[in-house]
Amino acid sequence: MPKNSKAVKRALDDDVTESVKDLLSNEDGRDDTFKKTSLIINNHEGEGKECDVEEGGSDGDEEEERPAWNSKLQYILAQVGFSVGLGNVWRFPYLCQKNGGGAYLVPYLILLILIGIPLFFLELAVGQRIRRGSIGVWNYISPRLGGIGFASCMVCFFVALYYNVIISWSLFYFSQSFQQPLPWHECPLVKNKTMTYVVPECEKSSATTYYWYREALNISNNISEGGGLNWRMTLCLLAAWTMVCLAMIKGIQSSGKTTVSNSKAPIDPLSRQERHNVSDQLVETSNN
């Protein structure tokens, strides 16, 4: 009996150990499957995060994309329109004649080649490379230089103030030009019961000067008198600012289409004036 009992006990112990091994092996398999499933889930989550990051990056790229010109010709014409303005047509001939005529062109051309064109090219190259506005460009170069961008924006704002005033004058004269004869063609007449005479102030100066100061600007006699609000010129100024704001809102997609005509606008009156001067000289030489 004792020997048999010992043999049974050993068999039971072997069965227990085998069953324990089986349990442990099953648990290891379950752990492996759990680890595999957890790895698969983590991989799916990582791929989802990568997809989210890629989608976010694409959205960021779309947000950072700026409008571009439709063609190189539009860009070149826009720069011509930006470079040739009222200062070239209106102010430069006066300054050239006042400061020596042809002699004034010598230092002007030297400074134009050494300073003007390189700075202009640098401005265009930086804008095309970084593709940001004036403030963003200088902040991109160095945050300490951001004040230069703000200063340039303030300069553009002050230039826009008096440019829009000039545009309002042009709109006013354009609206008054649909008359025959033109209102600034002759001096106004004052009619009394007994006689008719020309306004003395206009007679002393000219019809155009009188119309400019008394009708267009409607200035007062001296600085101490307010003179009231000039409603016609105020409406013209409001129309000028409205056109500028609409052009800014639409951006280069709409303004690029107008650069073809705007860039040639300053050149047309100069060429006409030159042809007129040449024809007058030919007439004078033929008469002599």
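Going from the start of the chain as shown, residues are counted 1 onward.
Cβ coordinates come from backbone N, Cα and C, glycine included.
Small disclaimer: the values here were computed from a predicted structure and weren't measured.
As recorded in TrEMBL, the features of this protein are as follows:
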BINDING   Gly81, Val84, Asn88  Na(+) binding site
COMPBIAS  279-288  compositional bias 'Polar residues'
REGION    256-288  region 'Disordered'
TRANSMEM  75-93  transmembrane segment
TRANSMEM  105-126  transmembrane segment
TRANSMEM  147-174  transmembrane segment
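Here the features listed in TrEMBL are placed on the structure.
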residue	record	Cβ within 10 Å
Gly81	Na(+) binding site	19
Val84	Na(+) binding site	17
Asn88	Na(+) binding site	13
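Broken down by DSSP into helix, strand and coil, the compositional bias 'Polar residues' (279-288) contains 9 helix, 0 strand, 1 coil.
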